[in-house]
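*Asks:* Mind having a look at this structure? Questions to follow.
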Amino acid sequence: MIVMLHLAVGLMEKCCVFVAGNAASFLLYAAPIWTFARVIRKKSTEEFSSVPYVISLLNCLMYTWYGLPVVSHEWENFPMITINGLGILLELSFIIIFIWFASRKQKLKAGIMTTAVIIIFSITALISTYVFHDHHTRKELVGSVGLIASVAMYGSPLVVMKKVIETKSVEYMPFSLSFFSFLASALWMAYGLLGRDLLIAAPNLVGCPLGALQLVLYCKYRNRVMEEPKPAQEWDVEKVDKKTSKHVQIAVVTTDENINGKKSQIINS
């Protein structure tokens, strides 16, 4: 009876963490919506980077595959399919918008990275399906690739964090993305530990401190505005001409007065 009660409590805890983790992950994947609303409004990607969205796509692809019965035992990791499947749709949408409004150089970079992600996922899926024939080995393979993808996803904001430190501005590091990145990694780490699945918990052990570091940077630089170079001071030609003409006029008047004064002295003498 006590054992059954203990199992029931453990299951409830896992379910609660799963629901909270799914909610946090949804907010994490949806956080860039405001960023891309700005991109569409300005018709430019400005200084935003495509790296976080492409790496997030790889992470979503790998963990959706990990949760399917092909890799996992039946539907034991069904929660991972729901949220990461939604993540695939969102990240693909963001990448398409980014490529549409990006400069030629950024389009090429984003296109190459997205193609590489699709190739990596396809190779992993084919090997796990046709080379390995038991769930344990398949989970190890897909989970290992997914672990690398997750660490890369949580580490990808380092590119933006570098810019934040250089410019002392958080304009291109939205608070919502940093906050939900930290929250999602913390909850999925708890989910992995409760389910004793280190392949889920391990990457989030990296994600938590990186998310916390982003929040620290945000708090430090949130009230600072990125400085823009001031335009060169323009010369007002008319004002200069007026000043010059005044000086000339004064000089002429003064000279004339001196000449007249000398003439009068000569006549008097």
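Placed from the backbone N, Cα and C atoms, the Cβ positions cover glycine too.
What TrEMBL lists as transmembrane segment is 17-36, 48-66, 78-103, 110-129, 141-160, 172-194, 200-219.
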*Asks:* Given the cut-off of 8 Å on Cβ pairs that are 6 or more apart in sequence, determine whether the transmembrane segment (17-36) and the transmembrane segment (200-219) share at least 3 such pairs.
*Replies:* no
*Asks:* Output the single range from 78-103, 110-129, 141-160, 200-219 maximising the number of Cβ pairs under 8 Å to the transmembrane segment (48-66).
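*Replies:* Between the candidates 78-103, 110-129, 141-160, 200-219, the best contact partner of the transmembrane segment (48-66) is 78-103.
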*Asks:* As a test: from 78-103, 110-129, 200-219, pick the stretch that has the greatest number of Cβ pairs under 8 Å with the transmembrane segment (141-160).
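*Replies:* Of the candidates 78-103, 110-129, 200-219, 200-219 scores highest.
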*Asks:* By a Cβ-Cβ criterion of under 8 Å, what residues six or more beyond either terminus of the transmembrane segment (200-219) are in contact with it?
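*Replies:* Distant contacts of the transmembrane segment (200-219): 80, 143, 146-147, 149-151, 153-155, 157-158, 161, 164-165, 170, 173, 175, 178-179, 181-186, 188-189, 191-193.
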*Asks:* Looking only at residues six or more beyond either end of the transmembrane segment (78-103), which have a C-beta under 8 A from one in the stretch?
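*Replies:* Cβ under 8 Å, 6 or more out: 18, 21-22, 25-26, 29-30, 32, 36, 39-40, 43-45, 48, 50, 53-54, 56-57, 59-61, 63-64, 66-68, 110-111, 114, 191, 200.
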